[in-house]
Amino acid sequence: MERWRDRLALVTGASGGIGAAVARALVQQGLKVVGCARTVGNIEELAAECKSAGYPGTLIPYRCDLSNEEDILSMFSAVRSQHSGVDICINNAGLARPDTLLSGSTSGWKEMFNVNVLALSICTREACQSMRERKVDDGHIININSMCGHRVPPPAETHFYSATKYAVTALTEGLRQELREARSHIRATCISPGVVETQFAFKLHDKDPEKAAATYEHMKCLKPEDVAEAVIYVLSTPPHVQIGDIQMRPTEQVT
């Protein structure tokens, strides 16, 4: 990880869960990290914790609504003017709404698509442009995907979400192919976790907290830090090593 020291990583959805764990891990490794979310109170608290802990890196909170392209473009412009540009882009932000295919709301589908697919694609495009215009040829795009991007689980309320995650799988491989055709050594990786104990289920089942809690009670789930360790592993591999996808799940998870 020494080659990444003092370089800049962007982490979307950094206000909690996997995003916060990834941001902390990168700061521990000596990186400058721009952590973005719609609200930055939690990121500001995490930045203060990292500073008081004496970690060698820095966490920079940035308020950004990823469903708004202008917000995303403004963020990349600010990063360019204040920090030169992005060397690592970790597309972590994602959401699920309980909108089924037979009776779901169009607004719920759009909300998932806008964040899980479009925002990820816009951030990827802007990050790659930032790298290439500065002749950064060892940058890395890491998409925090899901096991739902590789198989469709039975619960109907996860089916549209799964479709957005299948899109992430395709987008990551498509990006790898385009970068190779452009003779770039920027790398593209998916990390696809199974059940991770976060607030994800509580947001999906916000009207049924007992159902949400049950998601995490029947087995020992992954922790956000487990996914953060996978991110560090991917970044620590030599530049000639291309890791396309890491699928990880709790040992007790059925599918």
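Cβ coordinates are placed from backbone N, Cα and C, and glycine is handled just like the others.
Long-range Cβ neighbours of Tyr161 (active site, proton acceptor) (same chain, at least 6 residues apart, Cβ-Cβ under 8 Å): Ala96, Arg97, Met112, Asn116, Cys148. Here Swiss-Prot flags Tyr161 as active site, proton acceptor, drawing on similarity to another entry.
In three-state terms derived from DSSP, Arg38 (NADP(+) binding site) belongs to neither a helical nor a strand segment and is classed as coil. Taken from Swiss-Prot, the feature NADP(+) binding site covers 13-18, 38-39, Glu44, 65-66, Asn92, Tyr161, Lys165, 196-199, Lys203.
When Cβ atoms from all protein chains are considered, those within 10 Å of Ser146 (substrate binding site) total 29, not counting its own. Secondary structure at Ser146 (substrate binding site), taken from DSSP and collapsed to helix, strand or coil, is coil. As annotated by Swiss-Prot, substrate binding site applies to Ser146, Tyr161.
Away from its own ends, the signal peptide (1-25) comes close to residues 31-43, 46, 49-50, 55-56, 59, 61, 64, 66, 79, 83-94, 119, 123, 127, 138, 144, 193, 196, 198-200, 223-225, 227-229, 231-232, 235-236 of its chain (Cβ-Cβ under 8 Å, at least six residues beyond either end). The annotation signal peptide is assigned in Swiss-Prot to 1-25.
Between the CA atoms of Asp65 (NADP(+) binding site) and Ser146 (substrate binding site) there is a gap of 22 Å.
With a 10 A radius on its CB, Gly13 (NADP(+) binding site) counts 26 other CB atoms from all the protein chains. Tyr161 (active site, proton acceptor) falls within a helix when secondary structure is assigned with DSSP.
Reported as a whole number, the C-alpha separation between Ser146 (substrate binding site) and Lys203 (NADP(+) binding site) equals 16 Å.
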